[in-house]
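All remarks here apply to the structure that follows.
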Amino acid sequence: MTILNHTLGFPRVGLRRELKKAQESYWAGNSTREELLAVGRELRARHWEQQKQAGIDLLPVGDFAWYDHVLTTSLLLGNVPARHQNNDGSVDIDTLFRIGRGRAPTGEPAAAAEMTKWFNTNYHYMVPEFVKGQQFKLTWTQLLEEVDEALALGHKVKPVLLGPVTYLWLGKVKGEQFDRLSLLNDILPVYQQVLAELAKRGIEWVQIDEPALVLELPQAWLDAYKPAYDALQGQVKLLLTTYFEGVTPNLDTITALPVQGLHVDLVHGKDDVAELHKRLPSDWLLSAGLINGRNVWRADLTEKYAQIKDIVGKRDLWVASSCSLLHSPIDLSVETRLDAEVKSWFAFALQKCHELALLRDALNSGDTAALAAWSAPIQARRHSTRVHNPAVEKRLAAITAQDSQRANVYEVRAEAQRARFKLPAWPTTTIGSFPQTTEIRTLRLDFKKGNLDANNYRTGIAEHIKQAIVEQERLGLDVLVHGEAERNDMVEYFGEHLDGFVFTQNGWVQSYGSRCVKPPIVIGDVSRPAPITVEWAKYAQSLTDKPVKGMLTGPVTILCWSFPREDVSRETIAKQIALALRDEVADLEAAGIGIIQIDEPALREGLPLRRSDWDAYLQWGVEAFRINAAVAKDDTQIHTHMCYCEFNDIMDSIAALDADVITIETSRSDMELLESFEEFDYPNEIGPGVYDIHSPNVPSVEWIEALLKKAAKRIPAERLWVNPDCGLKTRGWPETRAALANMVQAAQNLRRG
């Protein structure tokens, strides 16, 4: 029983983000479709060869996507919304881009599909749309073409296909409502056809991804798996693939399926290997997801070996990444600025392939010397002073319940704040950022590259802040912001100023489409060596008599949008960040800043996949926010901003944050989101976003007034604020001025009654 290794997928974008550049060039009309397709072919060939050279036995094919793999599956099945269809019924790459972006070099523009998070990762997928009576047919043969490509290059391949039940689970019904699960029998013939085509090509194994099997699914969805896989059996061997959680709760459903193997995530799941071995059919292959596909840490391979060695020789076994390596940067070797000690702790996608080769060889031979050598740096890390800060650990251990409580309840604080700020009814503000112009980005880049000295950089930033204050005063806004000209990214900026974080040069991961992010890495205990935002907030406040908000990114969001440590809990990291930012709140307050906003857009995103695990997460997530904010005096007003499409199921936790003001994204839902706050009888102040900043369209005064009147039917007017949905970083100044002028006018009209 020779053990093989494989990956579940590989990053698509290219080491230098070649795919992003090719996509954006094509969209802008600066290159041809053939030039774009050529970049895709080149990247796929390179990535297969790199994995092979790193020691991978079975190469994934079908993991490449021009925008998103769920969208690729939609096209494969012929699921193209009517508004995006070509007149002749054909499907091409521009069809795909129109669904993803709303427009493409050919075809008519139309509303893009909805985009949402891929399970609990920071990757996004395009939500499939289903209509009653929908027809499906094999339409987009990208998978088959890529299999042919890989076979022609002489590779041993394992095609990757998103499974039918998960695909339906991820979608939404449009128009007349019906049960989307009823479409299962309509899509299965397409899957059968694809598997038959793969069998014709001599394919032995197909990785069929069903990550929905780690969720707490309704019984009807669990029951759908058996008939679905009965229909798919017999043409090739199927590796039923799950990830992001364990499968034990749904193992009875899984073991009844006519598949030949199961992949489990042994990093994020709590499945016991011995128990899995006992319960799986003896002729099934077990693919053990031992190497973390969604973090950047070098694995302790001696631990991984011990985790799996007892079943070696007892069943067919593969070793694999826990999930697709899509969520990891590509290659650590090109990082030239990382400290040597810190660099020795990391493994990016190619290094993870090497780990799988080492693990496979040791399991086949019984010789673990290479595993011990590889694991030495990560074992040494446990005692590094770069990791452990006794002062932080002592402070964290000393936290009491009092540290997460404001001195008085909201009603008392609100009186003190009204007396201090004397704001009018319907107070107007913005969410924080103003347009990041070419001048601002060039200024920051020149400073970063060393082409600009610190004095000239600070003079430039000060000028942009001054301009933002002047603009806001001219517009008549009531509570101002400094505009965040000095900030590149709301998480990266804070990470750069906190001890315990490091940054990469090329650690890009795909977020969606052509958007890539370079998350900070938490390597050790987090602390704040010096004030971060105080200087610029104080400067902005000196330019005006109106209150200027201090702007912080909250602890849970910084955690969720970074690569976290693996040696301590997420709760520990969040609370360390909260303590560091608590000191920032105190310093802002001491500098005369009376309104402080702590953004937590990721609080809901961080929810565990299983609802039964939500309470524990929300408890420490809320506590981290409160630790951050509770140092504020009664007359300091704490704001928070959140952009979710669903609040109902976490309203208790939103209220428990005890922010004085919460601003939320509501314009696209026509204020429907406020229902949650009305039904809950939310006690504090709310700023429902009155226009969508993601669109360049300028809302009319009448439209904003109508939205605010609608809001006032749900929330008492004396507790309502007036603000856009989100920060204005991505907008231009002309539409920003026009939209804010109309927003201020609408508020003034309502004050006059």
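Cβ from N, Cα, C; glycine included.
Summarising the annotation, Swiss-Prot assigns 5-methyltetrahydropteroyltri-L-glutamate binding site to Arg17, Glu18, Leu19, Lys20, Lys117, Arg515, Cys516, Trp561, Glu605. If you look up Swiss-Prot, you'll see Ile431, Gly432, Ser433, Glu484, Asp599 marked as L-homocysteine binding site, on the strength of sequence analysis. Annotation comment: Swiss-Prot describes Ile431, Gly432, Ser433, Glu484, Asp599 as L-methionine binding site, evidence class sequence analysis. Per Swiss-Prot, Zn(2+) binding site is recorded for His641, Cys643, Glu665, Cys726. According to Swiss-Prot, the feature active site, proton donor maps to His694, an assignment based on sequence analysis.
Locations of recorded Swiss-Prot features on the structure.
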{"residue": "Leu19", "record": "5-methyltetrahydropteroyltri-L-glutamate binding site", "contacts (Cβ under 8 Å, 6+ apart)": "Arg12, Val13, Val39, Gly40, Leu43, Ser514"}
{"residue": "Lys117", "record": "5-methyltetrahydropteroyltri-L-glutamate binding site", "contacts (Cβ under 8 Å, 6+ apart)": "Tyr123, His124, Tyr125, Glu605"}
{"residue": "Ile431", "record": "L-homocysteine binding site", "contacts (Cβ under 8 Å, 6+ apart)": "Val481, Gln597, His641, Thr663, Asn723, Pro724, Asp725, Cys726, Gly727, Leu728"}
{"residue": "Ser433", "record": "L-homocysteine binding site", "contacts (Cβ under 8 Å, 6+ apart)": "Val481, Gly483, Glu484, Arg487, Gly727, Leu728, Lys729"}
{"residue": "Cys516", "record": "5-methyltetrahydropteroyltri-L-glutamate binding site", "contacts (Cβ under 8 Å, 6+ apart)": "Val13, Arg17, Lys20, Trp508, Val509, Gln510"}
{"residue": "Cys643", "record": "Zn(2+) binding site", "contacts (Cβ under 8 Å, 6+ apart)": "Pro601, Ile664, Glu665, Asp725, Cys726"}
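Cβ proximity to the L-methionine site centre (mean Cβ of Ile431, Gly432, Ser433, Glu484, Asp599, cutoff 8 Å) flags the following additional same-chain residues: Thr430, Val481, Met490, Met551, Gln597, His641, Gly727, Lys729. Note: His694 (active site, proton donor) has non-local neighbours Asp725, Cys726, Thr730, i.e. same-chain residues 6+ apart with C-beta under 8 A of its own C-beta. Sequence-distant neighbours of Gly432 (L-homocysteine binding site) (same chain, 6+ apart, CB under 8 A from its CB) are Val481, Glu484, Lys549, Met551, Gln597, Asp599, His641, Gly727. Counted over every protein chain shown, other Cβ atoms within 10 Å are most numerous around Cys726 among the binding-site residues Arg17, Cys726. Here the binding-site residues are Glu484, Glu605, and the one whose Cβ sees the fewest other Cβ atoms within 10 Å is Glu605.
Within 8 Å of the Cβ centroid of the Zn(2+) site, not counting the listed residues His641, Cys643, Glu665, Cys726, the chain contributes Ile431, Pro601, Met642, Thr663, Ile664, Gly689, Asp725, Gly727. Across the annotated binding residues for L-homocysteine (Ile431, Gly432, Ser433, Glu484, Asp599), the two most widely spaced Cα atoms sit 14 Å apart.
Around Glu665 (Zn(2+) binding site), taking its Cβ as the centre, 22 other Cβ atoms fall within 10 Å, counting all chains.
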